[in-house]
Amino acid sequence: MVPGRVLMWGALALTTVMSACGGEDIAADHVASYGLNVYQSYGPRGYFTHEFDGDEQFYVDLEKKETVWRLPLFSEFTSFDPQGALRNIATLKHNLNIVTKRSNNTAAVNKVPEVTVFSKSPVILGQPNTLICHVDSIFPPVINITWLKNGHSVKGFSETSFLSKNDHSFLKISYLTFLPSDDDFYDCKVEHWGLDKPLLKHWEPEIPAPMSELTETVVCALGLIVGLVGIVVGTVFIIQGLRSGGPSRHQGSL
């Protein structure tokens, strides 16, 4: 990746569901981005997504020319014609070519992405789980995310499209289904113009070390001692209670 290349991006038909008289001091209950369009000059690529409250609803695969829903269930309630996205991207490409010819271009500032890896649910050995690689603060939106298992590349992972943020950077999430084992470790590999070299974010299951026989013996002995002390203390209190209450039963009027 060459960080010196020029990247320009545009957004058309970007709608934010907020109050008509709103301002920065008014917080919206829900925010939706309809038709976020991005086209980049480094290659024939672009992005078209719909988002709601920061979550992707769908994106349009510009190569396959089809709508890809974040959850298949969404397609049962509504639909979207990908031709609209293709027309928007074509318009962006045309306008970008004009702008680059008529203006002095400056290279975009490359941000260093922030990478976090965690499991979807608590790890239990032998139980299927999902690893999540959360890549934040992406700009420009050009990135390659892959997974390594024990140092070797693996396939079968999925990822979201670029999700927009208020600071005009992006985030992207990659998912890898795996079977936890104490013999395996994983790395999320991120390549981006803001990095001098590929970044590997390491993850391996945190399995409590088994107690040694000596530790088990000590724990059992302590438990037994505590139990015996409790019995002795309880017996002493019972005897004292009987003694203090005994004479009162023999007292009477003369």
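Keep in mind that glycine also has a Cβ here, set from the backbone N, Cα and C atoms.
According to Swiss-Prot:
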type	residues	note
DISULFID	Cys133-Cys188	disulfide bond
DOMAIN	113-204	domain 'Ig-like C1-type'
REGION	24-120	region 'Alpha-1'
REGION	121-203	region 'Alpha-2'
REGION	204-216	region 'Connecting peptide'
SIGNAL	1-23	signal peptide
TOPO_DOM	24-216	topological domain 'Extracellular'
TOPO_DOM	240-254	topological domain 'Cytoplasmic'
TRANSMEM	217-239	transmembrane segment
Fill in: Per-region confidence, the region 'Alpha-2' (121-203) (mean pLDDT, whole number)
93
Discussion item. My understanding is the cutoff is Cβ-Cβ under 8 Å with a sequence separation of 6 or more in the same chain; which residues meet that for Cys188 (disulfide bond)?
Written reply: Val115, Val117, Leu131, Cys133, Ile145, Thr146, Trp147, Leu148, Ser174, Leu200, Lys201, Trp203
Worksheet entry | Cβ neighbours of Cys133 (disulfide bond) where a neighbour is any other Cβ within 10 Å | 25
Fill in: Number of helical, extended and coil residues in the region 'Alpha-2' (121-203), per DSSP
0 helix, 45 strand, 38 coil
